Each structure stands twice: as C-alpha cells, then as structure tokens.
Amino acid sequence: MVLSQLVNQLANPSVGGFQGGLKRRRLFIPPSTHHPLFSYGDGDQRSFLSLIEQSSTIAGDDDAASVASVSTTRSLPSTLSVADSDQESFQSWLVEEHERRFGDRSDAESAADDRYRGYGACERRLSVYSRQSALDDPHEDLTQPTTVGHEIRTLARYATPLVITFVLEHLFSLVALLVVGRLGKNELAAVSLATMTTTISFGIFEGMATALDTLCPQAYGAGQYELVSLRVQRSTVLGWCIFVPVAVFWWYSDYVFQYVIDSKAVVKLTCQFLRIMVAAGPAVVFFENGKRFLQAQGIFEASTGILFVCAPINAIASWYLVWNPTHGLGYIGAPIVAVGNFWLMSILLVLYVKFVDGKECWFGLASVHQLFEEWGVILRLAIPGVVMLESEYLAYEIMTLFASMFGTTELAAQSAVASIVSVTYMAPFATGIAASTRVANFIGAENAAAAKMATKVAMAASVVVGVIDCIGLITFRHRIADLFTRDPEVAALIVQLLYPLVPMFEIFDSIASVSSGILRAQGAQKIGGIVNFMAYYMFGLPLAFILSKTTDIGLEGLWIGVGSGMVVIGLIQSWYIGRSDWDQIIICAELLNEFDDDDDD
C-alpha cells in the first residue's frame, strides 16, 4: 500500500513535494538493461518511462532478476513523462530495493559500506537511510526491547571505568599539591589557589561538553554516525574559542588576585603557574570532547586506560622536574608537567581511535564552513550544562569560605570533609554520565520503552550508589579522620560531620547527579540548570549562612543548608523525569538530527 502511494505521488508532479518544480528528489535508479528507465529525445533530454498513476501487480522473478544489487543516486527534476510499458519493472525494482535496504541485513559488508563515508569522499551517505541497518551491531540492536537485568549490567559496565577515570583525574591536582607543598608555605598557597582556579575554569569546558551527552548519543542511536563526528568537532572548536578569554584572565590574573591576597609572593607564584597552564587549555577541551565521542559509541574504558598510563608518568615527572638536583626546575616544574600530561592524554586518545576502537563514527575533518554551523544548538545545551556543573563546584568553595569564619579547626575539618566527599561523588557522577549515554542512545533509536526502562534502572542505581557511599563514610569515618590529620580537635569534628549528617545528604546528591544525567539525555539541560542554580543559591547557601550566623551548630549548619539544596535538586529533577513525555522527547531528538543532517548535506 505504501509503495503504491509512493508510485502515484511520483507519477503526479502536482501532488506532494513536486509542486512548482522548485524541489529536487533523489531516487535510486536500477541499472536494468532489460527495462531502461530513460528515453533520449532531442538534445539528449532524458525522461522517465516507467512512472504512471495506476498500481499493478509486482513483476515476477524474471524481471526482478534483472535488477542489479548495486544502485546509484541521481538528482532528477520534477518534470516527468509517463509510459505504461515499464510500470511492472519499476515496481519490482522498488520493492526489491526497499527490501534490500530496509530489511534485516545479513551481509555485514553491505552495512559497513553505508557507514564509512568521509566528508571528502566522492560518494555521500545514501538519501534513504535505514535506521535498522545503521544500528546493525554485532553486540546490540538499540531498537529492540530491553530488560532490567541487561540494563543493570550495561550501566555497571559503563560506569565502572568512569569512576576509575575520575579518581585518577582527581589525583593529578593532588600530586601537584603534595610535590610542591614541600617547597614552602608560599608555594603551597600558590599552587592551591592556582589549582582551584584551573578546576573552576576547566569546569566550564566540562559543562560545555555535556551538550554532547545529548547530541552525540542521540545521533548514534539514530544511526547518523557522521553527525557524531561533526558535532564533536564543532563543540571542540567552540570550546577553543571560549578558552581565549579564559586564557587572557589567567595571564593577567595577578591584577585580580592582588586585591584578594595580601602576599605579593603568593600572587606572583599563582600567576606564574596559570600562565604556564594556558598551554594546557586546548588539550583539555579536546580531551573532554573526545571522551564524549567515544562514550556515545559505548566505549567507556578508553579514558581509563589512557589515565592508567598517564597517572604514573605524571607522578614521576612531577617529582623529577620539581626536586631533581640536576634537572629539576623547582616550582614551575609542576605546571610544566601538567601541560605535558594533558597533551599526552589527547594524543593517546587520538591513537586509541586510530588503532583500537571508535573509528566507526569518524568521517574525517569537517570543512571550515561546517565547523562554524549550529553553534546555537550546542550553546543552548552547553550553557545550562555549565550552570549545573559550576553551581555545585562553587557551592563547595563558598562553604569553605564560610567555614573560615569559624576558625582554623573548622576550616581544616571542612577542607578534609569536602575533599573526601568529592572523591565519593565520583561514583554517582559516573553513573549519571553512563545513564545519560544509555538513555540518549535509546532516544535516538526511537525506542521509548527501552529509554523508560533504562531511566528506571538508573534512578534505582542512584539510590543504591548513594546508600553505599553513605554506609562507607559512616563505617570508615575514624580512619578517614586519621588519614587527614593528627590533630584531635580536627579529627573529632570530621568524625562528627561524617556521623551521620554528611553521609545522609550524599544519598540525595547521588539522586541529583544521576537525574541530571537523565535530563542531559533528554536535552533538558535548561531545566537542570535552573533547578541547580535556584536550589543552591536561592535556598541552600542562604540557609547555610543563616544557620551559621543564628545558631551555634557551626559546620553542621553549613552542611544542613547545602544538603537541603541537594534534597531539593534530587526531588524536583526526579519528579520532572517521572512525568516526561517520551514520545515528544523522541520527536524533538529526531527533528534535531534531521535538521542538522539536512544542513550538513
């Protein structure tokens, strides 16, 4: 029935998309020698012979056998002539072509032929793209139903290497503090301030990369692999452009820090560190976007392997360039090693795609024109993503500032608790990224039922991960305190915070983190950005400040305030996800992919 309507529409130029002769359509032309589709008139003008309005029976096997398996595309004007003789031949070819291209492929080479076409290749991706063939993967078909058990295993497989990755990344700044801190108190203060500045600054580009948590997995799930490559390249170039003002701020940071820090020596050392770190910016942007390129394809272990290589190199090189009596450079050795480490990570990422895995979605470098298109789409997702990420980063820094008003003991305890919480946060954060990729893949594949299932599993996992973090912090609270300090007052305060106030809030922080990942999968970063900003800065931090000023509960008041913000975020985002219209989300994702793909063509 559908084929008959298609034939009738093609035969009547005044119907559908052929009005006015203003549009062109690409059709598959079978190289049939028995029934040629073109007749040549005066001036070598070609016209179709086989398109008529009436439908008839499909041609027999003899006619179908004359249709070759290889097809080409032609751009044809909407001015068509009609002939009756080849009607059956055309319908036979159309059915054969439909079955060949849209059916279940058993030939892997045919599927691969459709996938691997570069920007500069002579042949473009075929105009009628089979979503089924695009997802024809030896491991999984995203269009098929899923189960709870399968989603649990997949989420664990995705999240585990991410947890290791984030912990190793966290160790880089810790190594710098440990190595440089022994040089003196000015050097320790400077590297602490510089590390905080770079962490907040790089958080901008981490937040921007969350736009790819929506765009790339959805494109991959839809089988539009070329869009994955194109969107990653666009986001990378956009990040490099935005890094320019950040680099300028770092270079002239001494003009700002001189109004905050009294010690001119610390200001000078901090600025010196940041000026060297300017060279690391492009590599950080590239690596963050490159991780999303692989994660969209379900490849999560690549960054873990890269960091397993880079982490020991970073530690050894830091000690060597800072402390080696012959070749050591002292304080500036630490930022130099950091720059080299970030570039090494980026190079290894490229080599991984080249020689190991991930090439499926790489179609070569895009043109300059393509790179600067659709930045508005990326920014609409990136800006709320930055707000979501930086809201929590800055909230912890403001808490530390509030803690300094209570005294040295409270400041030390707050720094220790914030440090250990940032480590335990890696598990829910990794779960959120894994869930975001998984759900977005299903959205791109237009599999609403599987997207719902993956969401339910992820939200349940957020509670489980949060409870595990909570139990771990309570169980090992004394050992954690001993790890950070030998001062009995500071240790007692750390134990007090970890039993049970802070661990209880970590459950809701886990829910908030994973629900934020689901929102990114849906393309609803704006909702997450608004909720995070309002919860922390309109509710949580003001409450923390009021409790710290009007009560005598000290640091517990700060954590009650900020922790209440975590509860609000977790509950509101979970409620929003629970009432999601998945069909509408899938329609929006499909329109976005089609719009971007049409613009690329």
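Even glycines carry a Cβ here, placed using N, Cα and C.
The transmembrane segment annotation in TrEMBL covers 158-180, 237-253, 299-322, 328-356, 416-436, 457-478, 529-547, 559-577.
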Stretch contact, the transmembrane segment (529-547) with the transmembrane segment (416-436), Cβ-Cβ under 8 Å, 3+ pairs: no
Residues from the same chain, set at least six apart from the ends of the transmembrane segment (416-436), whose C-beta lies under 8 A from its own: 155, 158-160, 162-163, 165-167, 170, 213-214, 217, 295, 300, 396, 399-400, 454-455, 458, 461-462, 465-466, 468-469, 472-473, 480-481, 484-485, 490, 494, 497-498, 502, 506, 509-511, 513-518, 520-521, 555
Contact check, the transmembrane segment (299-322) vs the transmembrane segment (158-180), 3+ Cβ pairs under 8 Å, seq sep 6+: yes
For the transmembrane segment (237-253), distant same-chain residues with Cβ under 8 A (at least six beyond the ends): 197, 201, 204-205, 208-209, 270-271, 274-275, 277-278, 281-282, 285, 288-289, 371-372, 375, 378-379, 382
Long-range neighbours of the transmembrane segment (158-180), counting only residues six or more past its ends (CB under 8 A): 187-188, 191-192, 195, 199, 295, 298, 300-301, 303-304, 307-308, 310-311, 314-315, 318-319, 322-323, 331, 334-335, 338, 341, 422-423, 426-427, 429-431, 433-434, 437-438
